[in-house]
Amino acid sequence: MERCGALLLGLCLVAAQSRKEEVSQEPLQWMKKMERAVMLRNKKLLSNEFIRGLEWSLLNTTFSGSNLTLQTLNIHSLAFNLDCKFSGLTLSGTTPQQRLPGIGGGGQHTMRFPAELTRKPCRKQLKQLRLICIYFFFTHFFQSDTKALLLNNLILGAQLDHEHVKNLTDPIDISFWHNQSLENYKATCVFWKEGVSKRHWGVWSPEGCRTEHPLPSQVLCRCSHLSYFAVLMLSPTRAELLEPLTYISIVGCSISTVASLLTLLMHFWARKQSDPVAPIHMNLQASLLLLNLAFLLSPMLATPSVPRPLCSALAATLHCALLSCFSWMAIEGFNLYLLLGRVYNIYVRRYVLKLCAVGWGIPVFLVLFLLAIKSSVYGPQNITFSNSQGSGSRNMSMCWVRDSTVHAVLVLGYGGLTCFFNLGVLVWVLWVLHRLRARDRAQEQTLGSRPWRDVGTVLGLTVLLGTTWGLGFFSFGDFLEPQLFLFTIFNSLHGFFLFLWFCFRWSRSEAKAEAEMETFSSTKTTR
């Protein structure tokens, strides 16, 4: 009987041990499943479900001792049983040599957890805590809209039980070592912020992290919370140039606002009913005035203290003004074609009224349609960039389109079609002018100022048709620095350039009127 009891006890122990090993192998099965999904290039990869499954299995698995270590080719997982006497922990590891494209090659990495980590959970009388760490040596589960790369393709994650650890006074130190020069990049410490992007399950954000460079081969991240951390490699175009470009935009838009207002006032003060084209020009200036005003007010109303509906209304106004500008630029091109291509029979009843229905009516209809379908398409949009020293970050917000599909179709697509159309019109107009000049070579030689007049005409038409916007819509890949500055300067000063062109036309028309008056007076005197 005793022998049977001993045999039964032994069978129970063997069963318990096999069950324990089976449970502890569950995280490893998740890791293998994740690597298999990446190797098969599964386009329907649900990254957050894989991550959550691995985290849950590590938090609930059982193992003997105080820690558990599991490894696959590109994923390392660690689990630690902690108590309230926790005095701190430092983990070190080595990044494998790159199997995928990245920056930095192989290197070491460390994570230092302060004793403060367990203080808040211990106040809830939690005596046993589980700290898990997950290291990813690829980026497939953390895809975001940014095209920047990650240092060493390395992502280090940590989680304490089911607690949301944040606002630590003694930060968590994460060190990334590398063996390559980073002169052409700006290293910025970031964490994975969930629930922000609509296309992906998160975005990389530098909030709560400070970037330091103790050594040329080391990037130190000091973060006040637990999450998944990495070092984002930003090009100078994305990091350092955004702030000066913002200042250029603000100054240029301010100048254009004043210039557009002066143009409208001058038109209504001395307008001539005989000029049928002037109303089209003034509608273009009015749309630019509205666009610049909305753009300048956008950052002010994107702050948390301002009610959300007010920011959404301004974002819708800004979008409508931009679409109106594109529409009136296209109308300018269409009207120019009628003037030069169809010299006769171009009278259209209530022509300007019909053009206003297109230039203002279509943008208003599109914006109201978007608001009726989904009001959240407009609102505050956050933009994050590093400062020039690389030791921190700054967030800038503006009221703008939040939906990426709407932005692609009704901003980039709408503007791109306008630029294509007007660029074609500009090329055709230059060809027509060249033919007209070729018919009168003798008169061209007698008028020495004709070439300068032609240059002024070409520049005026370029501004009038808004072809400078093509610097942005016809770019392939990332912007080059000269392209960025030219795009910002030309388009922020668009209203000012139109003001100069209108002043040039008005001065020419006044001079022509005075010449005709003098000719009439002299003729009358001779009689």
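Placed from the backbone N, Cα and C atoms, the Cβ positions cover glycine too.
Per TrEMBL, the features are as follows:
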SIGNAL    1-16  signal peptide
DOMAIN    71-239  domain 'GAIN-B'
DOMAIN    245-506  domain 'G-protein coupled receptors family 2 profile 2'
TRANSMEM  245-270  transmembrane segment
TRANSMEM  282-302  transmembrane segment
TRANSMEM  314-339  transmembrane segment
TRANSMEM  351-373  transmembrane segment
TRANSMEM  406-434  transmembrane segment
TRANSMEM  455-477  transmembrane segment
TRANSMEM  483-504  transmembrane segment
Counting Cβ pairs under 8 Å that are 6 or more apart in sequence, does the total for the transmembrane segment (282-302) and the transmembrane segment (483-504) reach three or more?
yes
Pairs of Cβ atoms less than 8 Å apart decide it: which stretch in 245-270, 314-339, 406-434 has the most with the transmembrane segment (483-504)?
245-270
Please report, as numbers and ranges, the same-chain residues at least 6 past the borders of the transmembrane segment (314-339) whose CB is under 8 Å from any CB of it.
277, 280-281, 283-284, 287-288, 290-291, 294-295, 297-298, 301, 346, 355, 358-360, 362-364, 366-367, 370-371, 378-379, 381, 399-402, 410-411, 414-415, 418, 421-422, 425-426, 428-429, 461, 464-466, 469
Please report, as numbers and ranges, the same-chain residues at least 6 past the borders of the transmembrane segment (245-270) whose CB is under 8 Å from any CB of it.
278, 282, 285-286, 288-289, 292-293, 295-296, 396, 484-485, 488-489, 491-496, 498-499, 502, 506
Local confidence of the prediction over the domain 'G-protein coupled receptors family 2 profile 2' (245-506), expressed as mean pLDDT:
81
